[in-house]
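What TrEMBL records for this protein:
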type: COMPBIAS; residues: 78-105; note: compositional bias 'Basic and acidic residues'
type: DISULFID; residues: CYS106-CYS149; note: disulfide bond
type: DOMAIN; residues: 1-63; note: domain 'Sushi'
type: DOMAIN; residues: 104-167; note: domain 'Sushi'
type: REGION; residues: 72-106; note: region 'Disordered'
Amino acid sequence: GKCPLLPRTEFADVTAERYPPQTRLYYECDPGYDRKAGAYLGIQCESEQQGAVWKYKLFKCFDEKNLSSTDPTMELELTQKPEREPRSSAPQKQEDLSESKKKDFCGPPKTIPHASIKLPQQHFVGQILHFKCQTGYDKRPPTFGSRTCKEENGKIIWTPLDMRCTNDS
């Protein structure tokens with residue numbers, strides 16, 4: 001199920017701990033950095049037999065001052081194939097249920113130098129979002145908290161957030 005629109009939390013940064021398959025996230029290059037023309041900054045969570053994984057396209061955020069498209073090392077990197085891990089013929093041992101449940105979701109995406117991730121607008125039942133007050137607005141505890149999207153009596157709701165970020169002294 002899809003969650004209602006997340007109420008805006010002022011002066012807080014939001015991160016999620018797991019993302020359902022089909023989630024698309026986009027990176028943004030930090031100010032002063034830019035991507036190579038045509039580089040795709042999106043990643044997608046996909047279901048595979050061993051669980052959900054992020055599919056990355058390779059990109060880099062360059063310092064705008066030396067953004068040269070004739071960089072030979074970059075071309076090389078884009079054409080490199082990912083190494084395949086040798087398949088072991090040993091039988092996989094059974095994991096307990098809570099572990100396999102986790103595998104239905106992608107974890108936090110990897111950090112990319114000079115880039116930050118934009119959170120998706122759409123969330124799904126079972127997702128937990130973490131909120132942390134931004135520096136300067138974390139005067140009164142609790143300065144972090146989380147909300148869970150869950151189904152209750154046939155309605156999909158966000159659990160309440162028991163924190164407020166304020167710069168009151």
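Backbone N, Cα and C define each Cβ position, glycine as well.
Remember, TrEMBL labels are computer predictions, not curated facts.
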Long-range Cβ list for CYS149 (disulfide bond), cut-off under 8 Å, min separation 6+ in sequence, same chain only, gives CYS3, HIS123, PHE124, VAL125, GLY126, GLN127, ILE128, LEU129, ILE156, ILE157, TRP158, THR159
So how many of the residues in the domain 'Sushi' (104-167) end up helix, strand or coil by DSSP?
-> 0 helix, 27 strand, 37 coil
Kindly report the helix/strand/coil residue split of the domain 'Sushi' (1-63) according to DSSP, in that order.
-> 0 helix, 32 strand, 31 coil
What average pLDDT is reported by the model for the domain 'Sushi' (104-167)?
-> 87
